[in-house]
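Student: Mind looking over this structure? Questions follow.
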Amino acid sequence: MEAALIGFPLKPSLLNPFPRGFTSSAPGRRDLLKLAAVAPKNSILVSKDHLDDGVGQENEKEELSRETYNALIQSHCAKGRLERSLHLLSRMEAAGMHPSTACYARLVYALGRTGRTLEADAVFREMKWSGHRLTSREYNALLGGFLRKGQLLMADRLLVEMGKEGIDRNRETYLLLLDSYVHSGRLEDTWWVLGEMKEKGFWLDSFVYSKIIRLYRDNGMWKKAMSLVVEMHELGIEPDVRMYNGMIDTFGKYGQLDEAVKLFEKMQSTGLKPDIMTWNALIRWHCKAGDLKHALGFFAKMQEAGLYPDPKIFVNIINRLGERGRWDEMKKLFEGMKYRGLRESGIIYSILVDIYGQYGTFHNAEECVAALKAEGMQVSASIYCVLANAYAQQGLCEQTLRVLQLMEADGIEPNLIMLNLLMNAFGIAGRHFEAMAVFEHIKESGISPDVVTYCTLMKAFMRGKKYEQVPIIYKEMEHAGCTPDRKAREMLHNASIICEQRGGFSANSKTFLRSGNQ
């Protein structure tokens, strides 16, 4: 495996507007991955009772006013009918009219939210060329789309453009960057954002601190994360639900479950109401520790609080119950959800159980999605991710890939999370060449791999016993600006030991490994 190791500065500058480097793909590997090019469906539902959104009015042959066009486009964007919005935009322009700035921005934001960033960028350029005076609000709408999809190179170019146009980055700009860098494990970039925020006098509230805690947690600095609580108290910042969630998750990740539960109780004593993230953390880490009794207890309490269980967390419970053969208990959980009126969640979970092999009903991704739609559910990007993860955990590569194709057919572009899941499916199945092909596809798509991407690829090569490739991936991860986490360091260490025993490293590789383990 050839990997070009290209460094880049931590922040964009006018002298170097394209700071992030990407390696080119080997043509041989590119053909290993074939994502189906299925055109998005135009699903237009026209109701007789259309006074709320004007669907009937826009289907008439009469001319519409500029104000009506603006209202209809924004209405369809709010309801996820992007094809209708784009159709109205083309009709409006054909009539010699242009949308308002707010209408353009709403469309850019909606397209970015669904991963359709190329179309979002095209609409943004059209808005700019039409003579609209743009502010940081419009730039942030496009920036958020690039960052959510992991297109950091495009995001950096947009930041440079903002500077050239004399548009200052506001607090929302930095929060978007902070959230993206923390999520992708970019420690140095995160510190740069925090430094910029402090220099410009932006207030660091509990939301910002919760992000820092998450980053410290993921990099093994959980004690330092806890010290931030003291700093917050000294600054007079009261912890909110997000802050407590970050601390509970941190304690859970490092096996301090008693401390996590105490913090949970303290949170409730202050009058704060646990949200879905609070329950997710408590259930996830108790499951991982094998404490299924307490995990199921928190699961029941969450439902009593009127919250829908998270399908991603439910996968952990399925794993544990399945390992112990406690399927009767699973049936009781379903009955309990139906009794509480959580019918839609029950449908998703029933399908997940089938995927995990107890009944064998939904081994076909198309049948699974069709069953959800037959129940009247709108299959969102998050549900597609849950289904893809369920298949990926079993190494069902073709079904995982099929979920991505069905997602594309519904007009939702696969994001980095979905592609990471596909790579993981190939890795579990021992097909490291296909995992590498997904990795190359990610880079060819203009998406910046994150820590999860690199760790998943390292794991795939470890499973394929290609240990000599692990340090190459590790070094590329560092040069891409991602801070290796504990799992990555452990895999590097294990690969180094095996290769040392085999005598498979050159002198330069050994020098790198010694420096990487320091």
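Every residue gets a Cβ built from N, Cα and C, even glycine.
Grabbed the feature section from TrEMBL, which reads as follows:
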REPEAT    65-99  repeat 'PPR'
REPEAT    100-134  repeat 'PPR'
REPEAT    135-169  repeat 'PPR'
REPEAT    170-204  repeat 'PPR'
DOMAIN    193-302  domain 'PROP1-like PPR'
REPEAT    205-239  repeat 'PPR'
REPEAT    240-274  repeat 'PPR'
REPEAT    275-309  repeat 'PPR'
REPEAT    310-344  repeat 'PPR'
REPEAT    380-414  repeat 'PPR'
REPEAT    415-449  repeat 'PPR'
REPEAT    450-484  repeat 'PPR'
Student: State the residues, same chain only, that lie 6 or more residues beyond the ends of the repeat 'PPR' (205-239) and have a CB under 8 A from a CB inside it; answer 'none' if no residue qualifies.
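Tutor: Contacts of the repeat 'PPR' (205-239) (Cβ under 8 Å, skipping residues fewer than 6 from its ends): 175, 178-179, 182, 185, 187, 190, 194, 197, 245-247, 249-251, 253-254, 451, 483, 485-486.
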Student: So, taking each listed stretch (100-134, 170-204, 240-274, 275-309) in turn and counting its Cβ pairs to the repeat 'PPR' (380-414) that are under 8 angstroms, which one gives the highest count?
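Tutor: When the Cβ pairs under 8 Å are tallied, 100-134 comes out ahead.
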Student: Mean pLDDT, the repeat 'PPR' (65-99)?
Tutor: 90
